[in-house]
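Record features, source Swiss-Prot:
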| type | residues | note |
| --- | --- | --- |
| BINDING | CYS43, CYS46, CYS62, CYS65 | Zn(2+) binding site |
| REPEAT | 156-239 | repeat '1' |
| REPEAT | 250-331 | repeat '2' |
| ZN_FING | 39-70 | zinc finger |
Amino acid sequence: MKVEAITKEETKKPERKIKLAIAKPEDYSNKNVILEKEEELICPVCGSKNIIKDYERAEIVCEMCGCVLQQNLFDVGPEWRAFDHEQRVKRSRVGAPMTYTIHDKGLSTVIDWRNKDSYGKDISADKRAQLYRLRKWQRRIRVSDASERNLAFALSELDRIASKLGLPRNVRENAAVLYRGAVEKGLIRGRSIEGVAAAALYAACRRCKVPRTLDEIAEVSRVDRKEIGRTYRFISRELNIRLAPTNPVDYVPRFASELKLPGEVESKAISILQKAGEKGLTSGRGPTGVAAAAIYIASVLQGTRRTQREVADVAGVTEVTIRNRYKELTEHLDIDVTL
């Protein structure tokens, strides 16, 4: 590989020099190479922003033309190797990463519940009583005032609801950020902590395109559906949260999975919904009902039929709703369904 030294004259940061080398773009088509996108750099040769970091070759490379922007990068990872989770936990010398789902963002000190010293040896009996008192006071000072206690309770409630709904980590983090924003603006006053937490989680679900209905959240949150909806509209307005209407397509994978339908049915249902959206058949209608009708039609067309009752129970709608949406979709999309 030929290496040339080129000075970048026209750049936003003057007096900055970048060593360039030309690599073949096809060298980075191998899926076994660990790559990471670099958003801040711009290729000085072709002007592309598709810059990747190749940890295997220790280089920063333009994905379009193969220009090597930097080489011989330092490895900032740990010096030890771990081959399973247990080894990783034992050899790690740092705590968990910062998270918004804990009231102190996970930055406070925690005294381990195991009565062992740093060498793994058991602590003597006369030291255990002292360690117990230290552990108790450490838990107390982590939550120093009423606002922190309320935040700790709200985030634990938020985590409980998310766990019951099976929501991923990014949704929980998003909901925690929204709740903290509501606390900073004083939107909690006069409202229940559980209601605001449930509303923040509902907004996070829609923002992350992992939709859950108000009924599903109300069922596990011990808060009335109307209160969640009212609180959601309030915090959305005050926090300037702009969310597009929920797309029925987002419900299809979950409904199809719960009905144990094959991938062909899911793909067919998504295709039906996309055509319906182009003709405006999904606007002004409940997304769950439209998604349920599309899944029902797709299951019949693919020969893996599910009854309207089964689909309605999974989607949380009535059989009448499915029949109405079914009639609209089949008529306007010219779908011939043989029952």
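Note: Cβ is positioned from N, Cα and C throughout, glycine not excepted.
Same-chain residues with CB within 8 A of the center of the CYS43, CYS46, CYS62, CYS65 CB atoms, the Zn(2+) site residues themselves not counted, are PRO44, VAL45, GLY47, SER48, ASN50, GLU63, MET64, GLY66, CYS67.
Secondary structure counts, DSSP: the zinc finger (39-70) has 0 helix, 12 strand, 20 coil. On its own chain, CYS43 (Zn(2+) binding site) has LYS49, ASN50, ILE51, CYS62, MET64, CYS65, CYS67, LEU69 as residues at least 6 apart in sequence with a Cβ closer than 8 Å to its own Cβ. If you count neighbouring Cβ atoms within 10 Å for each of the binding-site residues CYS46, CYS62, CYS65, the highest count belongs to CYS62.
In terms of DSSP helix, strand and coil, the repeat '1' (156-239) has 63 helix, 0 strand, 21 coil.
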